[in-house]
Every structure is written in C-alpha cells, then in structure tokens.
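Structure first, then comments.
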Amino acid sequence: MRRRSLGIPKGIGIACLLLATMAASEGAKHSYSNEAAMMYNKAIESSRAGDVHIAEAHFRQAVGASPKFYEAWMGLAQLLQDTGRLKEAEDCYRRAVKLAPASVSAVNALGFVYVEQGRLEEGEALLKRVSKLLPSSASALLNLGAIQRQMGKLDQAIRSYQRARELEPGEAKASYNLGNALYSKKQYQESIENYLQAARLSPQHVDTYNNMANAMRDSGDKQGARGVLESARTIDPGSVAVLCNLGVLYADLQLLEESLEVLDEAFRLGPNVPEVICSRANTLHSLRRSKDGISEYRRVVSAYPLVATYRKGL
C-alpha cells in the first residue's frame, strides 16, 4: 500500500476542492416565474428528504415553466450527476453555462462531469477557465493541478500547485499535492521538503507522513522513513496504509518479528486489503513460515485472480 492522494469526486482518484468564492462570482441575472420558483422550492425540499425521483420531477417542471431558470438547471444537473446519469447532467450543466458563461459554479461542475466521463482534456480546459475567472483562488488551481497530474502533465501540475501555494502559503493541500507531483517525477528531496511543509501546516494528516516516508525510502533513507512512519502511527494507530508501509519497511530492515507484528495489526484492521495480505505473506516467507505465507497468497489470488503481482508471489 503505497500512496493515497487528494482527488475529484466519485472514485476518479483525486479530491474535488470546494471553491469558497464561487457564489460571489456568479454575477448573472436569471428569470423565472412564480410557478417555476414554487417547483424549484419543492424540488429542494424533496431532495433534502431523499425523494430523488420527486425532486427530479419538480426540477424538470421548473425548467419547463422557465427555461432560463439557471438555479433549476444547476439543481437538476447536480441531482443527475449524483445518481450517475452523467450525460444528462452534462446537458443540464451546458444549459446553465449558456445562461451564465461567467458562472464559476457551472463551468467548474461541467469540467468535473467531463472528468468523471474520462474526458480529461475537455475537463482541463474548463478548469483552466475557472482559474482565469478566479485568478486569486488557490482552490481553483488545486483542482486544475489535480486533473493535470491525473493526465500525466506533471510539469503543469507542479506549476499549478506552486501558484496555489503562492496565493495561500498557509494551505497545507498545496504543499501536499506539490510533494505528490514531485514524487511522481522522482524528485525525492524536493518532494520531502514539501511534505515537511505540509506536515507543519497540518500535523494530523497522516497521508502526508505516509507519502513522505515513501519518498525517503525511495531516496535510500530507510531509517528516516522509519522515523516518519512510526510518528504517523502514533498520530493514527488505526491507519492501515501506515501500518502496511511500516511493516514492509521493517522487513526491508530485516526486523522481521516487528514487521509481522505490525502487519498482523494491519490485517486485523483491513483483512481484505490485498497489499496487507501480500506483505504479510512475504514476511511469513522470510521467517521461514512458507506454509502460512502460501496460504495468505492463495487467499489474495482467489480474490484477485488477474493481478500478475499476486500470482507471482504465490
């Protein structure tokens, strides 16, 4: 278990950051009838109550009564996005953007719908537009950097994160994500410096320590990585990622009993995490408990039969 990072919504792999200044930037006037307003309010109430189908019907009645009702298009789009109907959500966000081209909320949301559909180039273009609409927003740049990193545009992602940090030097996410991008380029020392800054700004964020330890280990500083992971373990004793990394590191340092102890704890907390099972099997094998190790590998291979790494271990 190597890395965890911030990403965008619905399993894309990077965390969507809310743009706090969105509301102040909309700036467009939208027209709607009293009937449409009533339907919109009913849609909001139904949505809050969890009545998704009724909420959708009311949103559609609202935009049917007033086709220029920006807020209703946005509400309908969000509902469709939340229920996985991305193409329909895209169409609604497009209507909203057409009504209010300077609306950061609409442009940003449409960009993320593109990303959720795997249309990264189109998503990046819209997130660049958001950063131009909000030139002083670090969050906009963090979102842009996240997409660029996912696309493999590491140099551009690094520039976006650097600009975000310049705008908000006290924002830990900027340093953390900058560290991740630099790590991906194997610029280990620079990534470590940024992780250290992120840890100073947000000392309870264990993923920072976990990723910092990866950078230290890959740069050859295994003892430094050990100290960082042991500190992370005291901060969050229940982090399976930290325990797994620490167990693997102990094994690298030939501290096999310590490795097994830590990996046993990781297994107790995450019995179905394949990296934990494989790492534990490796340590058991190193302890000459091959029968137990084979049993562990069989467990993970049966769950993930197509993963070559797990089959190779067996």
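Yeah, the Cβs are placed from backbone N, Cα and C, and that goes for glycine too.
Where the annotation comes from TrEMBL, it is an automatic prediction and has not been curated.
These figures come from a predicted structure and were not determined experimentally.
Annotated repeat 'TPR' per TrEMBL: 70-103 (among others), in sequence order. Residues of the repeat 'TPR' (70-103) grouped by DSSP class, helix first, strand second and coil last, total 27 helix, 0 strand, 7 coil.
Sequence annotations record features per position, and here TrEMBL assigns repeat 'TPR' to 138-171 (among others). With helix defined as DSSP H, G or I and strand as E or B, the repeat 'TPR' (138-171) counts 27 helix, 0 strand, 7 coil.
Sequence-distant contacts of the repeat 'TPR' (172-205) (same chain, six or more residues past either end, CB-CB distance under 8 Å): 3, 5-6, 17, 138, 142, 145-146, 149, 154, 157-158, 161-162, 164-165, 211-212, 214-216, 218-219, 235-236. Per TrEMBL, repeat 'TPR' is recorded for 172-205 (among others).
Outside the repeat 'TPR' (240-273), and at least 6 residues removed from its termini, the chain residues within Cβ reach (under 8 Å) are 1-2, 4, 206-207, 209-210, 213-214, 217, 222-223, 225-226, 229-230, 232-233, 279-280, 282-284, 286-287, 303. According to TrEMBL, the repeat 'TPR' annotation covers 240-273 (among others).
Residues or ranges marked as signal peptide by TrEMBL: 1-27.
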Inset, instruction - Could you tell me how many residues in the repeat 'TPR' (172-205) are helical, how many are strand and how many are coil under DSSP? - result: 27 helix, 0 strand, 7 coil
